[in-house]
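**Q** Here's the feature list from TrEMBL:
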DOMAIN    A:25-473  domain 'Amidase'
ACT_SITE  A:K78  active site, charge relay system
ACT_SITE  A:S161  active site, charge relay system
ACT_SITE  A:S185  active site, acyl-ester intermediate
Amino acid sequence: MTNLTHLSMAEALEGLRSKQFTATELTEAYVKAVEAARPLNAFITETPEIALRQAKAADERYAAGKALPLDGMPLGIKDLFCTEGVLTTAASHILDGFHPPYESTVTSNLFRDGAVMLGKLNLDEFAMGSANITSHYGPVLNPWTGKDPANAPRKLVPGGSSGGSAASVSGRFAIAATGTDTGGSIRQPASFVGIVGLKPTYGRCSRWGIVAFASSLDQAGPMTRTVKDAALMLQSMAGFDPKDSTSVDMPVPDFAAALTGDIRGLRVGIPREYRVDGMPAEVERVWQQGIEWLKAAGAVPVEISLPHTKYALPTYYIVAPAECSSNLARYDGVRFGLRVEGKDLKDMYENTRAAGFGKEVRRRILIGTYVLSAGYYDAYYLKAQKVRARIAEDFTKAYEQCDVILTPTAPSTAFAIGEKQDDPIAMYLNDVFTVPASLAGLPGISVPAGLANDGLPLGLQLLGRPFDEETLLRVAGVLEQAAGPQPLPPYVG
Amino acid sequence: MSVDKATLDAKTVAKIAHLARIKVPEEDQAGLAQELNKILDWVEQLNEVDTDGVAPMTSVAAQTLRRRDDVVSDGGYPDKVVKNATDAAEHFFSVPKVVE
């Protein structure tokens, strides 16, 4: 029999519909793969009993001819999504023992459509990080090690914050996974492990029940092995939700139907500001290759300018910490999670939060508190919101000249655990190509574009107009086709 | 930025930490001040951007907040609400004594 864990979601659905194997067989294969992958530390909580129960129900529906759109698909769920009765940690000590009494809208939607949950995936604490090294539960390892023999003993990061999601999909121990993206947390890890990562337009997927980091930026999306799978999974995740005040009430198109392969005449913007100083030649080479692929398919490259690009990261590092300092005020040791006693109430708050938050989270809360504090609000927060408006305006103008934008996803391939750890700003630079679209709320997708010289995956990023995930997926499909079959990571062998 | 160029010292860090209700041991304050200053220096470059007459962007959603009828649409399960609390008694959250 074919190796069940190597099938894409579309292939697995076809196999189930044509009764080549059962959902229980598929889930059992994944449960074993999850156990075998423990050294990569991608899961915080494994839920094999839930998975097998859901698979059994899927099999009954297949037998009755009533299969659902994602029936029997064994997914990993980023541990930022609240799952009813199942430990939800956000990879933070402060959420110790938290078993949500409710289910997030996105996971509800996935389960409504038959998805199976293998467990809860590791991430950077509260999704704050680009290497999955800030988790209270320890770092996640990348299934890729690269050609450099020095890399073999060194352990590479899977990117972040959705590092467990990225590792599990690339390492063939989840058929797909949910991610969330605030400044690049779906797209950058997808690039680091050679999978597809789609951040939809802000408002497309409900934020309800997702542990909040920066509410004006957070957005859930699929992390998959193929573009088609991303379309199928987004179909279930997306949709209006009255419980999220910024959820957008508009129809969800048939995303898979957008994969026509026809991009003739489409104008592809190439932003000149994304040629940053010190960018490795390999990243430049893959970008050029992407341009050639799209040209060969009949698209028309157009040079565009996004003049405020260099201000996106500093803007982000005011806006996101400000929102995080406000969102994370709820962790006080009273209603849920960790509680460390003190001599009075205030002391209990301060002790709880000192023990519960890791260093990066503490740093961001303090920055956020500072930029929102009396006397500094206008100079920092208000200024950043104005620059954010400029950045968004850049994109609006660019889309007068082009239909979609092509850039590299990240400025490098995966690096080793321990690198860039002393300097927060060096770590923040990982998101230089992903943050601008996040600030503007635009959809973006990272598509694997082969391996760099060092034997590690590199992704290409496409950015679209608001709510035009269809064009994004169509162009992504063409890139995927042109790039050809992608090699498996050494972990899979 | 336009206000006096912010240089955080240990004392300011202690003040922000208190505002954020995070206990920061005295020996960590100076180091943390240095880290935060580096980030604040780096964001200074936003001053180069001309934002005269630009309205601050508070949301990317081009919509006003929806309204709904002012009716109870959820609730009635106090057991669930207090289930995750370390110290809950009879559907109340307990905290250390606040009033003498």
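The chain as shown is numbered from 1 upward.
Quick reminder: no glycine exception, Cβ is built from N, Cα and C everywhere.
All TrEMBL annotations are machine predictions without curation.
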**Q** Going by DSSP, is A:K78 (active site, charge relay system) part of a helix, a strand, or coil?
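**A** DSSP assigns A:K78 (active site, charge relay system) to strand.
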**Q** What whole-number Å value do you get for the CA-CA distance of A:S161 (active site, charge relay system) and A:K78 (active site, charge relay system)?
**A** 10
**Q** Calculate the per-residue pLDDT averaged over the domain 'Amidase' (A:25-473) and state the result as an integer.
**A** 96
**Q** What are the non-local neighbours of A:K78 (active site, charge relay system), defined as same-chain residues 6+ apart in sequence with CB under 8 A from its CB?
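**A** The list for A:K78 (active site, charge relay system) reads A:K120, A:L121, A:L123, A:S162, A:G164, A:S165, A:A177, A:T178, A:G179, A:T180, given in order along the sequence.
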**Q** So, three-state DSSP: helix, strand or coil for A:S161 (active site, charge relay system)?
**A** coil
